[in-house]
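Engineer: I grabbed these lines from Swiss-Prot:
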BINDING   His77, Gly118, His119, Ser120, Gly150, Ala151, Asn178, Tyr286, Glu367  thiamine diphosphate binding site
BINDING   Asp149, Asn178  Mg(2+) binding site
Amino acid sequence: MQNKYPLLSQINSPEDLRLLAKEQLQSVADELRAYLLESVSQTSGHLASGLGVVELTVALHYVYQTPFDQLIWDVGHQAYPHKILTGRRDQMHTIRQKNGIHPFPWREESLYDVLSVGHSSTSISAGVGIAVAAEKENAGRKTVCVIGDGAITAGMAFEAMNHAGALHTDMLVILNDNEMSISENVGALNNHLARIFSGSIYTTVRDGSKKVLDKVPTIKNFMKKSEEHMKGVISPESTLFEELGFNYIGPIDGHNIDELVKTLSNMRELKGPQFLHIRTKKGKGYEPAENDPIGYHGVPKFDPTCGQLPKSKTIPTYSDIFGNWLCEMAEQDSKLIGITPAMREGSGMVEFSKRFPEQYFDVAIAEQHAVTFGAGLAIAGYKPVVAIYSSFLQRAYDQLIHDVAIQNLPVIFAIDRAGIVGADGQTHQGAFDVSFMRCIPNMTIMCPSDENEMRQMLYTAYRMNTPTAVRYPRGNAQGVALAPMQALEVGKGKLIQQGQKVAILNFGPLLNEARIVAEKHNYTLADMRFVKPLDEQLVAELADSHELLVTLEENAIQGGAGSAVNEYLQKIGKIRPLVMLGIPDFFVPQATQAESYADLGLDAAGIEQRIQAVVNQ
């Protein structure tokens, strides 16, 4: 490694980086970018975001005394360069793998990871808390939050900035704006003015003038307006952040490491809330990623020399099946509306957005708004479908209850990534949606066992006039044939196999694993389909005719489908031995989906072992 990366190989911590001359930093950035590309192409992971913040990462760790100074990355997709510079360079080959380093900043992993993240727009709120604590302790430490132009659109980010401005907290928010390539207003003039506005002479004169002019409000207001006008000429965005109480600097070139170091060095000495706007290019330095930053956002293993990603398998994903269903229904119903909170690609809605632009709404990273926006459409007679990841629906729980369920509005929730998601780890597992939805009156919850069932359930939800949820997993579908759409009888499961002694009640896509066990031991197998309303008649019949009941689901055991079965049996006084298989009471770490199923006992071998342990007692 030393021959290929002569500078980077010597950097085992930011302390090593800070020993280098400033003139060497661009070479460090070049090596870091090359190493990042080499590493991610061999492991899979998030690529384009990290390529875009290489210079910023080097400059931040060079100027700020991390880990004493607190550096917080929002979401964490862009934090791979940060991990490489903070002692984890030689472990990058394990990222996103079982027992490897975490795909996002993770407090348990490193002192340099101040906040564990994975979801967006949390950095500034945590940063305000950390900065307030530092002020109370007179610690002298600095707090820096790096947030992207997507994440900053979320309401939580503005709530935090509004609070920070009111508190006049010493902290720096850096907006990494990579929505477009470096534009004409990011150049010599902007870089020069950024140094002026962030410099000690300017800020000392400005702050001193404010104190003197407090007694002359007319002149004070004139000077304030003049400063705002000058900043506004350079960057119209500045007014918004200035009104929130931040001193706005920028935009500056986020790939000019000399200017970044100069500006950050100035801003580190400033008091109060500071806001630095930088412009970067997502995928910087690797042309295919620059040209297709969305495609190279998260990548599988690939050969970077060929300039293209490997083609996906021919079996469609559950997300693809959902997108196709949405298009099929939109052809028949112009009042069907598809809604996504900034997850068009992940949720399989690209084709729908192109074919039916008038029926498609991307509301940005605003899950709360997405749900209540859907409620408003339902009130007006439309048929909204909110396509959302299970872990992101958590962010809109009050809206689900207050704005949809209480009013019994026909909003369809297409819940993607339900269950075990794999390499993204704890923050992205879809482990809780059944539990937190099942207790809500008026909700109908469906768990398809394959893509055909999924289509029928989505169609069933479309035909209903109440809140509905269809939850389906990440990854490839089963490859079964798709039948013509037909509404299912609500609350009715189906018997897959009649057996003896043991009955397995399956909820969701683990049906094939259960089938292997049922066929081997001649157990009864039922595909329950609905968590709510539960097929109580089928549960009662199986309880009467079997010695042991086993529930199987990809959700937390607490409050899940198994709990629903247990509650019903208690209600009717049928006390039977019951084994509830699902996700235990801990946050499931990163691994492949297959590895997680095995670890949790949710594959065929694990299911068989758990059942046999009870049968043999």
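Each Cβ is built from the backbone N, Cα and C atoms, and glycine gets one as well.
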Engineer: How many other Cβ atoms are found within 10 Å of the Cβ atom of Asn178 (thiamine diphosphate binding site), counting all protein chains shown?
Structural biologist: 25
Engineer: Which three-state DSSP class does Glu367 (thiamine diphosphate binding site) fall into?
Structural biologist: helix
Engineer: Taking the Cβ of His77 (thiamine diphosphate binding site) as the centre, how many other Cβ atoms fall within a 10 Å radius?
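Structural biologist: I count 26 other Cβ atoms within 10 Å of it.
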Engineer: Count the Cβ atoms, other than its own, that fall within 10 Å of the Cβ of Asp149 (Mg(2+) binding site), considering every protein chain shown.
Structural biologist: 15
Engineer: Relative to the Cβ position of Glu367 (thiamine diphosphate binding site), how many further Cβ atoms are located within 10 Å?
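Structural biologist: Other Cβ atoms found within 10 Å: 27.
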Engineer: Sort out the sequence-distant neighbours of Gly150 (thiamine diphosphate binding site) for me: same chain, 6+ apart, CB within less than 8 Å of its CB, listed by position.
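Structural biologist: Once residues fewer than 6 apart are set aside, Gly150 (thiamine diphosphate binding site) is near Ser120, Ala342, Ala364, Ile365.
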Engineer: How would DSSP class His77 (thiamine diphosphate binding site) in three states?
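Structural biologist: Note: His77 (thiamine diphosphate binding site) is coil by DSSP, not helix or strand.
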Engineer: Cα-Cα, whole number of Å: His77 (thiamine diphosphate binding site) versus Asp149 (Mg(2+) binding site)?
Structural biologist: 13
Engineer: Pop the Cα-Cα gap between Asp149 (Mg(2+) binding site) and Asn178 (thiamine diphosphate binding site) into the table, whole Å please.
Structural biologist: 7
Engineer: From the Cα of Asp149 (Mg(2+) binding site) across to the Cα of Glu367 (thiamine diphosphate binding site), what is the distance in angstrom?
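Structural biologist: Distance (Cα to Cα, whole Å): 16 Å.
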Engineer: Enumerate same-chain residues with a sequence separation of six or more from His119 (thiamine diphosphate binding site) and a Cβ-Cβ distance below 8 A; give 'none' if the list is empty.
Structural biologist: Val75, Ser391, Phe392, Arg395, Thr427
